[in-house]
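Novice: So Swiss-Prot has the following annotated:
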- 3-117: domain 'MTTase N-terminal' (DOMAIN)
- Cys12, Cys48, Cys80: [4Fe-4S] cluster 1 binding site (BINDING)
- 141-374: domain 'Radical SAM core' (DOMAIN)
- Cys155, Cys159, Cys162: [4Fe-4S] cluster 2 binding site (BINDING)
- 375-441: domain 'TRAM' (DOMAIN)
Amino acid sequence: MTRGLYIESYGCQMNVYDALMMEDLLRPVGYAAVSRPEDADIILINTCHIREKASEKLYSTLGRMRVIKKEECILIVAGCVAQAEGEAVFERAPYVNVVVGPQGLHTLPELIMKVKRDKKQINIEFPVVSKFDAISIDRKANGGVSAYVSIQEGCDKFCTFCVVPYTRGPEYSRDVEAILEEVKQLTDRGTKEIVLIGQNVNAYHGTYKGNEWDLGKLIQKVSLIDGVERIRYTTSHPRDMHPSLYEAHRDEKKLAPFVHLPVQSGSDAILRKMNRKHTAEEYLRVVEQLKDSNKNMALSSDFIVGFPGETEKDFEETMKLVESVGFALSYSFKYSPRPGTPGAEYSNQVPEEEKSARLAALQGLLTKQQLQFNKSMEGRVMDVLVGDPSSMRSDRIFGKSEYTQSIHISAPSGSEDCFNRMVRVEILHGRQNSLEGTVLSNAN
């Protein structure tokens, strides 16, 4: 008899991928996804520790699930908060049955079997054998017209504001053949866009027949798989932009001319305190090389304002860098200390009102740049990836550009031919957060 599995997942692209992996892992032992926690025999909360108050969000969610779950339902906490909190989850929420960190997800079937005998199970180890090596991916969970494929996990950079090295562990690159097999499984099910993901994705150094491959070479190989029409990758670190990656952007037409390249600050003094391992000038050189590799290149980034010790001069240098690059879109946040990170122990914490004022100024500039970029799309013809019929509203369908912009497309008669494929679209209007266009023809 099939039992119900309800997964509630927060956070980054890797968590989306991990949730699909867990669904695939539990299917062979008799669990299938359900849409309501009330109907589940397992409720799994897949957590993220990047943003502020992540733990409070978890315990609030657990309290809600405790009230509505079935009496015999197994309650599981997975992900980065599980890794960081460990046994403390059981102390604050004794009704939780399983705590499992990101590197122990492949042990879920075993933990669930054990919990029926021993009530509580925990696995927050960083194993010698990676979860990528411990399981064989079988992508039964539908990835859709666009799907994530994890190629790298963990981080060795140890930025002083970041919990990732402590919750995801050291950098590990997945075997090339396993990646290619997963991409083939996805394209066989109709996926058109492959998004290669990792905490530090351009640090990828997998192996293929005894030889080491970097991300640029992997992209070239993925592009040869039948059915792949667009390739993206995220998230990148400025220190790991290798020559082969610039070459891939120059030569590989299926690779989107868009890179998410976090910089965090434009001040060298703050970049040193953050342990970012690059200067503002080095970041700008990477940007220049990317733009030289493809005339259509655009970038997005992440920024933290109010890092300990940030002066008004430091912040002005960040604004100067933003003006110099001209980002297509970006994400900006006020610094908030993460327990266990060096930054949490720094003196010279910036007052909240100063953080708020700087964030407003930075977001104002980034918003202006985003609108300018979207307006620059007017009159262009581009290939747009359109999802399934659920993306249709009245006389419009919705798609994603090669720059990840949402596009509202006037739907012609016979628009059912547009779904789950690449469509040729003329952009008529650029708005703040989206584009508007009209279908010309299918791209393929």
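The count begins at 1 with the first shown residue.
Backbone N, Cα and C atoms are what each Cβ position is placed from, and that goes for glycine too.
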Novice: Mind checking which of Cys12, Cys159 has the fewest other CB atoms within 10 A of its CB? They're the binding-site residues.
Specialist: Cys12
Novice: Can you tell me how far the Cα of Cys162 ([4Fe-4S] cluster 2 binding site) sits from the Cα of Cys80 ([4Fe-4S] cluster 1 binding site), in Å?
Specialist: 12
Novice: Write out the long-range same-chain contacts of Cys48 ([4Fe-4S] cluster 1 binding site), meaning residues 6 or more apart in sequence whose Cβ is under 8 Å from its Cβ.
Specialist: Tyr10, Gly11, Cys12, Asn15, Ala54, Gly79, Cys80, Val81
Novice: Does anything in the same chain, at least 6 positions from Cys155 ([4Fe-4S] cluster 2 binding site), have a Cβ under 8 Å from its Cβ, and if so what?
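Specialist: Those within reach of Cys155 ([4Fe-4S] cluster 2 binding site), by Cβ under 8 Å and sequence separation of 6 or more, are Cys162, Val164, Pro165, Arg168, Pro170, Glu171, Gln199, Asn200.
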Novice: What's the most sparsely packed of the binding-site residues Cys80, Cys162, counting other C-beta atoms within 10 A?
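Specialist: Comparing Cβ neighbour counts within 10 Å for the binding-site residues Cys80, Cys162 gives Cys162.
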Novice: Would you list the other residues of this chain near [4Fe-4S] cluster 2 - those whose C-beta lies within 8 angstroms of the C-beta centroid of Cys155, Cys159, Cys162 - in sequence order?
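Specialist: Same chain, not in Cys155, Cys159, Cys162, Cβ within 8 Å: Lys157, Phe158, Phe161, Val163, Val164, Pro165, Gln199.
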Novice: So which other residues, same chain and not among Cys12, Cys48, Cys80, have a Cβ within 8 Å of the centroid of the Cβ atoms at the [4Fe-4S] cluster 1 site?
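Specialist: Near the [4Fe-4S] cluster 1 site, the remaining chain residues are Tyr10, Gly11, Met14, Asn15, Thr47, His49, Ile50, Ala54, Gly79, Thr167.
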